[in-house]
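First up is the structure itself, then whatever we jot down about it.
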Amino acid sequence: MSLLKANNIHKRFQGVVALEGVNFELKSGEVHALLGANGAGKSTLIKIVSGYHAADEGEILVNEVKIPFNDPKASHKAGIATIHQEHNLIPHMSVVDNVMLGQWIGRYGVVSEEECRKKALNAINRVVPGLDLDLYGHQLTPAEGQLVEIARALSEEAKILIMDEPTTSLSPREIERLFNVMRDLKSQGIGIIFVSHWLEEIFEICDCVTVFRDGRYVGSEDIKNLDENTIIRMMVNTDVPELSPQKRNPGKEILKVRNLCKDGVLQNISFDLHEGEILTIGGLVGAGRTELARCIFGVDDYDSGEVLIDNIPIPKNSPRAAVKVGIGFVPEDRKGQGLARNLTVRENFTLSLLDKVTHLGFISKTSELDISNEQSAALKVKAPSMEANIMTLSGGNAQKVVIGRWLARKPRVLILDEPTKGVDVGAKAEIHRLIGEFAESGMAVLLITSEMPEVLLLSDRVLVMREGRISGKLNRSEVSPESVISFATAEEVVY
Amino acid sequence: MNSKSKTGFIQILRSFGRKFSDLQGLLIAILVLGTVLSILSDNFLTGNNIVNILYQATIVAVVALGQTFVILVGGIDLSVGSLIALSSVLSVGLTVNNGLPPWLGITITLILGIIFGLAHGLAVTKLRMPSLIVTLASLSLASGLAYVYSEGQNIIPVPEVFETIGNAQFFGGQIPVFIPFALVLIIISYITLTKTRFGRQIYAVGGNQMASRLAGIPSNRVIVIAFVISGLSAAVGGLMMTARLQSGSPIIGSGMELTVIAAVVIGGTSLFGGQGNVIGTVLGVLLLTMASNAIVLLSIPPNYDKVFTGLVIAIAAALDIYRQGKNTTNMSRLKRSSSGKEVAKNSNPKTEQNNSNVS
Ligand SMILES: Nc1ncnc2c1ncn2[C@@H]1O[C@H](COP(=O)(O)OP(=O)(O)OP(=O)(O)O)[C@@H](O)[C@H]1O
Ligand SMILES: [Mg+2]
C-alpha cells in the first residue's frame, strides 16, 4: 500500500528547471532513500511535499488523497513530518520550545510548560539523551541543533517522516542511535524518506532507492538488487575516478601551534604543520576540532598558548591578521558562517579575494567572473548563473562555492573543516583531487574530517583529538581505521 | 505534591531571575538616574512626583506594549504617534462636530486603529512590503487626516466621558485611573507573551519566520495580529491623551513613535525580532519618563531637553550592550561547558564538549 505518492512533479524557478516530471512512491514500513548529485532536485521535491513550495504541475497523494500545495500546515495535518536540509532552529527559544515548535500543548490557548517539557524530554532522550533542555537554539552545536530538529519531527508522531541529509553533522554514535530510532519507527509501519550522500548509510538503513539526475527521475529499485557502483552510475551517469593515496615530500615547518588552551574546550594543544603536507585531525564530532580551527584562524579567542607562522606569533582573535599571513579557513557550518546571504554566486566566490579583484580601488567584475567561472567549472558547481542569489543554490553547491573561494586564493595554510560534508560523490572525488594537488604544489593543509576514507586517502600524518586533547599522533604508516578510532574513543570500538 | 509545587515555584523564580538578569543594565540606569535626581532635587522622591511620573508613563506604556508585539515579530510601527493624533481629533470630533453619541465616536476610533493595524499587517505579509515603509506612509497619512479633519484646530470642549475618565481617581483621590488601567494591560500582555500559545508563536515567527511557517505556525496571521494590537493600542493611547489634555488635538503624539520605539528597544527587545519582553518595555518607558521629569525638576532649558533625552537613551543602550557582551562571552560559555560536563557524566562521554559559540 502506498503511503505517499508524488506524480509527475514539475518545478522551475525563474526559468531554471529544478524538477522535470519526477515520480516517487513511499510505502509504509520502509526506509526509502532519495539519491542524486548536488542540485538533482531532492530537496526541491521534499519542499514541495512538505508544503514549502508549490509544484508547477503534478500532484502529491497521501493515502491516495491529494494534499494542497504551499500549505505546510496541511502537510503536517496529513501526517508528514519533515527535517529540512537547512537548519530551522529558533535562536532565542529553549530546546523545549524548539522541539515543540508549533505544537505546544495546552488548554484554552495557554501553554502547559510541564507537559511540553515532558514531551520534549521524551523525544530528546531518544536521539540526544542528556542535552540541557534550557539551552537556547543559538547555543547549540550544529550536531545538537540537528538532533533537536530530529526530536521535533519525532515528537509529531507522524506517519511519514522525511529526513533531508540528517546525518551530515552527526558523529557515528549519534548516527547509530538515529538508525535505531528509524528501525523502531519502521516496525511501527511509519514510512521514512532518507537523503544522504553517504552510500554506506544507504546500504545500512534503507530498503529501497529512488534516484534523480538533473531534475529527472532515473528509477527506483530494491536495495538488494543494487551495488555501490550501480547507484553512482545512476546518479552521475559516468564513473567516478578512483583516487589512490599520493606520496608527498613535506618541506619545512610553516605553522606551529604551541600549548593552546581554552577553558573547557582545548587542553594544551601543540603540533607543527609542514609545507606540502596534509595533516588530518581525526576524532569524533564534538572533540574540539572545530574550536581548534576557529582559534587558529582567530574567529574565537583562547586563554593561553601561541600560534606561529614562520616562527612569528600571529595575534589572536583576528581573522584579518590570519588571512594576511596566509591562512585560509573553510568553516564547517557553511550555510551559516561561510556564505554572505543575498549576495550573488559571483560575489560569494570572491568574498575572500576582494584584494585580488580590486584595481585602483574598484572591483573588477571581469576578474571576478574569471575566478568564479574557473572555480565553478573545477568544482562542477550547478548554478543557474554567476549572478544568481547564493541562497537559491542547492545545499551541496553552496558549499562548493565556499571551498572554491579559498582554493582560488591559494593561501599558504588552508584549514578545511569537513570539506566534503553534504557534497555528492562526484564532487567529493574532485575536492579530494584538488586538495591533493594543492598540497603537492607546496601548500600546507590542515584537514578536519570525520570520514575515514578521506583520512586514509589524503593524510600524510594524523592527529586524533578526544575531549579537547590530542590523544594520538599517527604517521602515514600507522594510519588505519582501527588506530584512529581507538584514539578517538579511548575504548576499542568494533565496527 | 508538595515538592512538585515547590519545584514549580522555584522554576518560576528562576525564569523570573533569568528575565531580570537581562534587564540589569536598565535597572542600574534607572537607579542611577533616580539617585542623581533625588540628590539634585528635593521634589523627586515625593509621593506626588512619583504618582506624576507613573501617570505620565501610562500613555507611553500602553502604546509601547503594542509596539513590543510588532518589534517581537521583526517589524516596526512608525505610525503610532500620528494614530494618537488621529484618534484624538476623531474621538472628540465625531461627537462635537458630527453629533454622534460619545460611545459610538470612541468605538469608531478604536475600529480605525484596528483597521490601520490590519492594513499594515496585510501589506507586510501579502504584499511583502517592509513594515518601515508601510508604517512611514501611515505616519504621514494619519497625521494628514487628523489635520484635515480638525482643520488644524484643537477640538473643544471634549464630551463629558473624557472629563470623567481624565479626572477619575483611585484610593481617595491619590491615584489616577490610568495607572491601574495600564497595569492591567501590562499584566495581560505579559501573560499573553509568556504563557499562551499565541505568545510562543510571536517569538517563533520573530526568531525565524521560515522555520515557524514550516512547523505549521500561521506566521502571516501572527504578524497581522501583532500589527493590529499595535494599531489598537495607539488608538487607546490617543483616547487616554485626549482625556488627559481635555482636548482633541491634531498635534498631540507627534514624534511619540520615537519615544515608544526607544523605550521598547532600550527595554531589551531586539529590532531583529524574537527576543525581548514587556517588563523591559515598561522599565524602558519608566526610564524615559524619569528623564523628561528630570527636565522639569532640574529646570533644564527647553532647548536642551532633547539633548538630555538623547544622552539618556545612548547611555542606557551602551549599558545594555556592555551587559549583553559580558553575558554572551562568559555566562553562556560557562553554561555550555558545565552542561557538557553533565552530559559527559551521564551516559556518553563523547557527546559535545565542543564549545562553538555562535554569534
Ligand atoms: N529558491 C530557488 N530559486 C532558484 N533555484 C532554486 C531554488 N531552490 C532550488 N533551486 C535550484 O533547483 C535545483 C535543485 O536544487 P535542490 O536543492 O533540490 O538540490 P538537491 O538535490 O537537494 O541538492 P543537494 O544534494 O546539494 O542538497 C538546483 O539547481 C538549484 O539551484
Ligand atoms: Mg538538498
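Cβ from N, Cα, C; glycine included.
Annotated compositional bias 'Polar residues' per TrEMBL: B:345-359, in sequence order.
Look at TrEMBL and you will find B:330-359 tagged as region 'Disordered'.
The transmembrane segment annotation in TrEMBL covers B:20-41 (among others).
Taken from TrEMBL, the feature transmembrane segment covers B:53-73 (among others).
Under the heading transmembrane segment, TrEMBL lists B:103-124 (among others). Panel annotation: around the transmembrane segment (B:103-124), residues 75, 77, 79, 83, 86-87, 90-95, 130-131, 134-135, 138, 142, 159, 161, 223-236, 238-239 of the same chain, lying at least six beyond its termini, place a Cβ under 8 Å from a Cβ of the stretch.
For the transmembrane segment (B:131-150), the list of distant contacts is 70, 75-79, 81-83, 85-86, 88-90, 93, 116, 119-120, 123-124, 227, 248-250, 254, 257: same-chain residues at least six beyond its ends, Cβ to Cβ under 8 Å. Residues or ranges marked as transmembrane segment by TrEMBL: B:131-150 (among others).
Annotated transmembrane segment per TrEMBL: B:170-193 (among others), in sequence order.
Among the features that TrEMBL reports, transmembrane segment is placed at B:222-245 (among others).
The transmembrane segment annotation in TrEMBL covers B:251-272 (among others). Residues 22-23, 26, 60-61, 63-64, 67-68, 71-72, 74, 76-85, 88, 139, 143, 206, 237-238, 241-242, 245, 279-285, 287-288, 313, 316-317, 320 of the same chain lie 6+ residues outside the transmembrane segment (B:251-272) yet bring a C-beta within less than 8 angstroms of a C-beta in it.
According to TrEMBL, the transmembrane segment annotation covers B:279-300 (among others). Long-range Cβ contacts of the transmembrane segment (B:279-300) within its own chain (Cβ-Cβ under 8 Å, at least 6 residues beyond either end) map to 19-20, 22-23, 26-27, 29-30, 33-34, 37, 40-41, 43-44, 49, 52-53, 56-57, 60-61, 64-65, 67-68, 186, 190, 259, 262-269, 308-309, 312-313, 316.
For the transmembrane segment (B:170-193), the neighbouring stretch richest in Cβ pairs under 8 Å, chosen from B:20-41, B:53-73, B:222-245, is B:53-73. Counted over residue pairs separated by six or more positions, the transmembrane segment (B:53-73) shares fewer than 3 Cβ pairs under 8 angstroms with the transmembrane segment (B:20-41), which leaves the two as not touching.
Residues 266-268, 277, 279-280, 283-284, 286-287, 290-291, 293-294, 297-298, 312, 315-316, 319-320, 322-324, 327 of the same chain sit 6 or more residues outside the transmembrane segment (B:20-41) yet have a Cβ under 8 Å from a Cβ within it.
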